[in-house]
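Chemist: For reference, the structure I am asking about is given below.
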Amino acid sequence: MTQQITVTEHLLLHQKQIPGATGQFTHLFNELVLSAKIISREVNKAGLVDVLGFTGEVNVQGEEVKKLDEYANRILIHRMARSGVLCAMASEENADIIEIPHGLPQGNYIIIFDPLDGSSNIDVNVNIGTIFSIFRRKSKLGTPVQSTDVLQAGCEQVAAGYILYGSSTMLVFTTGDGVHGFTMDPGVGEFLLSHPNMKIPDTGNIYSVNEGYWPYWSEATKKVVGHFKSRDNIHGKPYSLRYIGSLVADFHRNLIYGGVFMYPADDRDPKKPRGKLRLLCEASPMAMLIEQAGGRATDGTQRILDIIPDDLHQRVPLFIGSRHEVETISNIYKENEG
């Protein structure tokens, strides 16, 4: 049953337990929540107003930009820049680090986001989401932001989460003390605590992957996927395939039911030999969430949260979900790619 605890109340309770807390993080999160409400409003009426289809532009990833994707990006940049506690931002849609405009107050936090994950599904009314990651800067406040302030390993995150726009709008996040889910109550316009202390089952029976890319995978990756399609596993029968094609939606289902999401490296595009997903705005925040929920995340050989990025839009293979399934994947790669 939903508890009548708002996101702000939850954060303030947590803030009291931290010596020297200034309230800046809570203020930052309040702006993020407001952005989510604005984006959710537009998503819910997407078929009624002119926000479907493409803008005609191509983003830094070489992808055609959806109108709603561009809208979400613009809202997040505008709102978050005015939070007064950020020194920089980064977005999947922008080639470079986004600086806080001159004249606006700044702080020690950095936010990195994918404004609308799963945007290829927008026009067909499939669940989509916003993914975010929050760091503290390493350089001194008042000095220019350095690339090292943004290019931090996932284990340095102070918070991570996502907003899922579906049959209801949900905010799921962690600040390092477990994973908590809040559901938007449209009657009062607030996110209320609905899923406290979320935990992923230690093993599941779902695997999520686009098997259409099978011809482009390495032999080791084919053995990984083949393991879940066979009866030679912990369940003695094939896992169920469930794949939406929206990372947030697939991740959220597996978080609740257990299972594993996979986006392996492939050789479809020589420009993307490490797969499609971005380390900073997709893999790292999801990895922090899953580990806080008791799961695991790897690129096949290395823990996602240990990877130090060398590029703002660096891509990584991603295997994320229940502990048993991810450890099995790591073992298969170790045996076949040693």
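Yeah, the Cβs are placed from backbone N, Cα and C, and that goes for glycine too.
Dumping what Swiss-Prot says about this protein:
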BINDING   Glu92, Asp114, Leu116  Mg(2+) 1 binding site
BINDING   Asp114, Asp117, Glu282  Mg(2+) 2 binding site
BINDING   Asp117, Gly118, Ser119, Ser120, Asn210, Tyr243, Lys276  substrate binding site
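So that I understand the layout, could you describe where these features sit and how close they are to other parts?
Modeler: Reduced to three states, the DSSP call for Glu92 (Mg(2+) 1 binding site) is coil.
Other C-beta atoms found within 10 angstroms of the C-beta of Asp114 (Mg(2+) 1 binding site) number 28, with every protein chain shown included.
Counting every protein chain shown, the number of other Cβ atoms lying within 10 Å of the Cβ of Ser120 (substrate binding site) is 15.
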Chemist: Do any residues at least six apart in sequence from Leu116 (Mg(2+) 1 binding site), in the same chain, have a Cβ closer than 8 Å to its Cβ, and if so which, in order?
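Modeler: Those within reach of Leu116 (Mg(2+) 1 binding site), by Cβ under 8 Å and sequence separation of 6 or more, are Ile39, Lys66, Leu68, Asp69, Ala72, Asn73, Ile122, Ile128, Gly129, Thr130.
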Chemist: Going by DSSP, is Ser119 (substrate binding site) sitting in a helix, a strand, or coil?
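Modeler: SS state of Ser119 (substrate binding site) = helix.
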Chemist: I need the least crowded one of these binding-site residues (Ser119, Asn210), counting other C-beta atoms within 10 angstroms of each C-beta.
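Modeler: Output over binding-site residues Ser119, Asn210: least Cβ neighbours within 10 Å is Asn210.
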Chemist: Cβ atoms within 10 Å, counted per site: which of Asp117, Glu282 has the most, among these binding-site residues?
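Modeler: Counting every other Cβ within 10 Å of each candidate, the maximum falls on Asp117.
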Chemist: How many angstrom lie between the most widely spaced Cα atoms of the substrate binders Asp117, Gly118, Ser119, Ser120, Asn210, Tyr243, Lys276?
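Modeler: With Asp117, Gly118, Ser119, Ser120, Asn210, Tyr243, Lys276 as the binding residues for substrate, the largest Cα distance is 16 Å.
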